[in-house]
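Summarising the annotation, TrEMBL assigns active site to 12, 137. The domain 'GHMP kinase N-terminal' annotation in TrEMBL covers 68-144. Annotation source TrEMBL lists ATP binding site at 95, 96, 97, 98, 99, 100, 101, 102, 103, 104, 105. Under the heading domain 'GHMP kinase C-terminal', TrEMBL lists 213-262.
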Ligand SMILES: C[C@](O)(CO)[C@H](O)COP(=O)(O)OP(=O)(O)OC[C@H]1O[C@@H](n2ccc(N)nc2=O)[C@H](O)[C@@H]1O
Ligand SMILES: Nc1ncnc2c1ncn2[C@@H]1O[C@H](COP(=O)(O)OP(=O)(O)OP(=O)(O)O)[C@@H](O)[C@H]1O
């Protein structure tokens, strides 16, 4: 792909999320299944010979220096010794603090795109490892396959998932992930399951209770969605909630019935990340 091309950064859903323990450094041990969906941020890159990394489209409330796209580009530069730079254009569509992994996906797409465009030649495994420095959710987006993840979300057993249409609701709140994991009342002792045992529909989101108690809008959206589909669940640390439909028409009918003041959209489950084959 060229400098001018649009590079997608898809959202993920956590089809279940169990907290199975806590490490000495405070990070939580999880089991989860990540599924990529066809709703995406989009990035473009322009090369620079001066070595600078510039974000042409800063996000409201996020200083460019702490933006995950800029941090990802700098990390790749530092790790590879690359002297080239880039101006990054980010077309942001995914909500921040939504549990859809938007920032992490942007960072992963920067790693994959610049590794390709700069010709820095890191392997996907090396980029996954590098990505973990930016956030627990970055490695899976580099990995690129729907997968059962363990550890803090960096040990993968890939899974094949059936086609599904998802109705995703965006409660109008930004959830700080650290506050949910830091809640004293968070259940942290789910019994681990074997990756081979997992099927769609198995499991729950252990972060849901804390998120719903602290952000009543999440509880309201989830309650409405559960009336449409009993298996509705929150993704990640929230705020978004989703339900899977095997019949796209049923998903569309549920979206059409959305109460005033709620916002939501449909997305198709992907078989893999759109950049899964890029080198
Ligand atoms: C909830 C998930 O979205 C599930 O996919 C991820 O585990 C969160 O990944 P993320 O947003 O990339 O999170 P990070 O930026 O790495 O971590 C934010 C904060 O959440 C807490 N955190 C995160 C992941 C984890 N396994 N245990 C934690 O306790 C830590 O306090 C950390 O400082
Ligand atoms: N490029 C970026 N896009 C979005 N958020 C960013 C970016 N860079 C830094 N951030 C910061 O990261 C925070 C989390 O954003 P993100 O969109 O990844 O949340 P999330 O969907 O809840 O993620 P997760 O599912 O990993 O918990 C934002 O509130 C913002 O302050």
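Each Cβ is built from the backbone N, Cα and C atoms, and glycine gets one as well.
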Of 12, 95, 97, 103, 105, 137, recorded positions neighbouring ligand 1, Cβ under 6 A: 137
Between residue 12 (active site) and residue 101 (ATP binding site), the C-alpha gap once rounded to whole angstrom: 6
Nearest-integer angstrom distance between the alpha carbons (Cα) of residue 105 (ATP binding site) and residue 137 (active site): 8
Rounded distance in angstrom between the Cα atoms of residue 99 (ATP binding site) and residue 137 (active site): 10
Neighbouring C-beta atoms (10 Å sphere around the C-beta of residue 101 (ATP binding site)): 27
Where the C-beta lies under 6 angstroms from ligand 2, the matching recorded positions among 12, 95, 97, 105: 97
Residue 105 (ATP binding site): secondary structure state under DSSP, collapsed to three categories: helix
Cα distance (Å, whole number) from residue 137 (active site) to residue 101 (ATP binding site): 7
